[in-house]
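A short worksheet on the structure shown next.
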Amino acid sequence: MTDLTEKNTALEEKIESAVENQQKSIWKEIFAQGIWKNNPAVVQLLGLCPLLAVSSTATNALGLGLATMLVLTCTNTVISLFRQYIPKEIRIPIYVMIIATTVTAVQLLMNAYTYTLYQSLGIFIPLIVTNCIIIGRAEAFASKNSLLHSIWDGFSMGLGMALSLTILGALREIIGQGTIFEGIENLFGEQAKFLTHHIYHTDSSFLLFILPPGAFIGLGLLLAIKNRIDNIKK
């Protein structure tokens, strides 16, 4: 009888361990999908309008990236929380309404606390509503998965988007103007001024990388680098 009890206890411990490992792997996979494997910017190629238009500087790119990440996380949270109460027939209009409400809140916050950056980003803040990645994650993930997993998915996808935006913005700013994180104090306050660096000094900027053609060239470089790394891993 004692041996049977010990075997049952050992079996329960193995099952608990297997479930715990499975849960950890799910969290890791969701994060990896957002950051690298299914990155919204350099894999899915979604949200190209703000990606190309706003990434002229690292500060602008980071500001829009953080706003997008906040919107993604909040909308995934709300949609997952109420997924059982949203009628399938009208789910898309409801998703758009939730996204628009969240974007409006973020827009008002940026207007209040980062006004200079708000002016710099302009129309691209409200245009977050039309970003395909947000409604895509709502439909593909948040409406079908648990609350915590949906929050993590929104954060991971948003972080992947923000990283891609910031890297592209930094690349264009360094080559085009010789600086990085110029005007970062408009986003994080005067205490963040130490992040601004002048890589090289020039009398005239390299306009090609500041203008839209530079955005396409920079994005092409990022895609090439990612594909190269993926091929090496294989």
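Quick reminder: no glycine exception, Cβ is built from N, Cα and C everywhere.
Predicted, not measured: the structure shown is a model, and the values here were computed from it.
Annotated features, as they stand in Swiss-Prot:
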| type | residues | note |
| --- | --- | --- |
| TRANSMEM | 62-82 | transmembrane segment |
| TRANSMEM | 92-112 | transmembrane segment |
| TRANSMEM | 116-136 | transmembrane segment |
| TRANSMEM | 151-171 | transmembrane segment |
| TRANSMEM | 205-225 | transmembrane segment |
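The stretch from 62-82, 92-112, 116-136, 205-225 that makes the most Cβ contacts under 8 Å with the transmembrane segment (151-171) is 62-82. Residues of the same chain lying 6 or more positions beyond the ends of the transmembrane segment (116-136) and with a Cβ under 8 Å from any Cβ of it are 40, 44, 46-47, 49-50, 53-54, 59-60, 63-64, 67-68, 71-72, 75, 92, 95-96, 99-100, 103-104, 106-107, 110, 157, 161, 183, 186-187.
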